[in-house]
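All remarks here apply to the structure that follows.
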Amino acid sequence: MNDTSEQILNVAIAQVVNRDDVISCKDSVSSPKTSIAFAILAIIQATLIFTIVMVGVPLPQIATEFSLNQADLVLINAAYGLPFSGLLLFGGRLTDRYSGQKMFSFGLILFGLSSLLGAFSPSYEILVLTRFLQGIGAAMTAPASLALLKKLFTEPATFGKAMATWGGVSVLGGAVGFLASGIVTTWLSWRWMFIVPIVVAFLGVILVHKLIPASKFVIQETRPGLDLIGAILATLGISIGSYGLIMSIEHPWSSLLVMAPLIVGGLAIIVFFFVEKYVMHPLLPPGFILNPERLVGLVGMLLAAAGMGLITFLLSLYLQQIRGWSTFETSAAFIPYTLALLTLNRAAGPLVNRFGALRVMTAGLLLGTVGLAMLATLDHSVSYAFGLLPGLLILPAGASLVFSGCAVLSTSNVPLHQAGLAGGVMNTSMELGPTLGLAILMSVASTQQDVVDGYAWAFAVAGIVYLLTALGAIIVYRRSIN
């Protein structure tokens, strides 16, 4: 590696991780290599989240180009998250069974190739297919990355610090994706947004394999069973059920297009949990998510992701379609949002170390409740400075705390042989958030005759759910003390 490349990587490391936390890790890999490897893995994780929201700002332009309705736009937004969330558990099990190196490479290469297809999408159908394939690649990559992270940081203290940063980097990826999409769309085209996943994917495969010995990717000697039935049921349940929720935006709940996928998806999930009790090697061991702190962490992760997905999707449409702002102006409106994420992302890790993950997560949920309550005042002429800006500052600040706290809660005290499973479960919550949250809350919004009133109502309902979850976290905290 030449001096220039090394300087660039050092800058990247400084932005995404506290170097002292990484260097304190005792591993066979030298500390500088560990730091660089962590930075690359963090950038890849941020890119996986970046890809969720990168089509957010250009949605009106995509709708015009392909003559799409609102349900079509939600499907473009969710087509990435459906397979991502649906296959993450299976991806985690594959990581635990096979070489993480193989899963990491396969996932990133598929992610990069499908992004290349997306850049040249000739139709709406191909664009949706592209997003779907990206989601499959991401579902294979994310658990392998997290399992590798657990291999890099073998001590609980250093792993906890790394996970706090990891959660912050994830939410930062979403913010950067939204901001960059408006700038790129203004000066070039929405198609250029697919260049970032392409570059990160192929550089990621090359650099990680050079920096980390192949032995680091081997998760365990004894390979667990795959539980194909469980994988199929989980994927069908999450994907088909989410599709039914998306269809409820444009169709009544009594419609066959809504009820059929909801019933099929619900039954698949019920059968999945029943099957998991009896198979020899369950995809999701029944007791894995029943730990109270882990369960609260997973729910908090889902809600934080849902809130971030909601604010970027709804305010993008509101500012452009209702207020007539350009894509560049819309992106500029989110600069304070990004700065809030950057600021709290740097502070979240030390706060988790000092006050504990559960308390930091609870504080973040309460902050998020306040931010959503402010956005619930949305109307046709609300002031940006006094109506939107407070919510754009407070909600992401709270989300940064939630993501960092939840990342630690979701993965702490997990044995090494379940590292891939832990990564799959945590990322499933993160990916289900925008998919389910957006589908449900857009359905809530559609109950109002006025579009803007519907948006405000969606923010209000989200705020109520945040508050209830914060109260649940407080109860769990008190019980853990007792």
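Positions of Cβ are set from backbone N, Cα and C atoms, glycine also.
Since we're looking at a predicted model, the values are computed, not measured.
Per TrEMBL, the feature domain 'Major facilitator superfamily (MFS) profile' maps to 35-481. The average pLDDT computed for the domain 'Major facilitator superfamily (MFS) profile' (35-481) is 79.
Here TrEMBL flags 36-59 (among others) as transmembrane segment.
Summarising the annotation, TrEMBL assigns transmembrane segment to 71-91 (among others).
The feature transmembrane segment is assigned by TrEMBL to 103-120 (among others). If one looks beyond the transmembrane segment (103-120) by at least 6 residues along the same chain, the residues whose Cβ comes under 8 Å of a Cβ in the stretch are 44, 48, 51, 91, 94-95, 126-127, 129-131, 133-134, 136-145, 148, 191-192, 194-195, 197-198, 200-202, 204-205, 208-209, 217.
Taken from TrEMBL, the feature transmembrane segment covers 162-184 (among others).
Taken from TrEMBL, the feature transmembrane segment covers 190-208 (among others).
Outside the transmembrane segment (228-249) by six or more residues, the chain places 70-71, 74-75, 78, 81-83, 85-87, 89-90, 93, 255, 257-262, 264-269, 271-272, 275-276, 279, 282-284, 428, 432, 435-436, 439-440, 442-443, 446 with a CB less than 8 A from a CB of the stretch. According to TrEMBL, the transmembrane segment annotation covers 228-249 (among others).
Packing against the transmembrane segment (255-275) from elsewhere in the chain are residues 229-230, 233-234, 236-245, 247-248, 282, 286: each is 6 or more residues past its ends and has a CB under 8 Å from a CB in it. For 255-275 (among others), the entry in TrEMBL reads transmembrane segment.
What TrEMBL lists as transmembrane segment is 295-319 (among others).
Positions annotated as transmembrane segment by TrEMBL: 356-378 (among others). Distant neighbours of the transmembrane segment (356-378): 160, 164, 293, 296-297, 300, 303-304, 307, 311, 315, 318, 348, 387-388, 390-406, 408-409, 412, 452, 455-457, 459-460, 462-463, 466-467, 469-470, 473-474, 476-477, 480; these residues of the same chain sit at least 6 beyond its ends, with a Cβ under 8 Å from one of its Cβ atoms.
The transmembrane segment annotation in TrEMBL covers 384-409 (among others). Among residues of the same chain six or more beyond the transmembrane segment (384-409), those with a C-beta under 8 A of the stretch's C-beta atoms are 160, 163-168, 170-171, 175, 293-294, 296-298, 300-301, 303-304, 307-308, 311, 315, 333-334, 336-338, 340-341, 343-345, 347-349, 351-352, 357-372, 374-375, 377-378, 426, 429, 459.
Residues annotated as transmembrane segment in TrEMBL: 421-442 (among others). Long-range neighbours of the transmembrane segment (421-442) within the same chain, counting only residues 6 or more positions beyond its ends whose Cβ lies under 8 Å from a Cβ of the stretch, are 49, 52-53, 70, 74, 77-78, 81-82, 84-85, 88-93, 95-96, 139, 142-147, 150, 170, 238, 242, 245-246, 248-249, 284-285, 288-289, 298-299, 301-310, 313, 406-407, 410-411, 414, 458, 461-462.
Sequence annotations record features per position, and here TrEMBL assigns transmembrane segment to 454-477 (among others).
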Contact yes or no, the transmembrane segment (36-59) and the transmembrane segment (454-477), 3+ Cβ pairs under 8 Å, gap 6+: no
Beyond the flanks of the transmembrane segment (190-208) by 6 or more, those residues with Cβ under 8 Å of it: 37, 40-41, 43-44, 47, 50-51, 54-55, 58, 61-62, 104-105, 108-109, 111-112, 115-116, 118-121, 130, 134, 137, 148, 180-181, 184
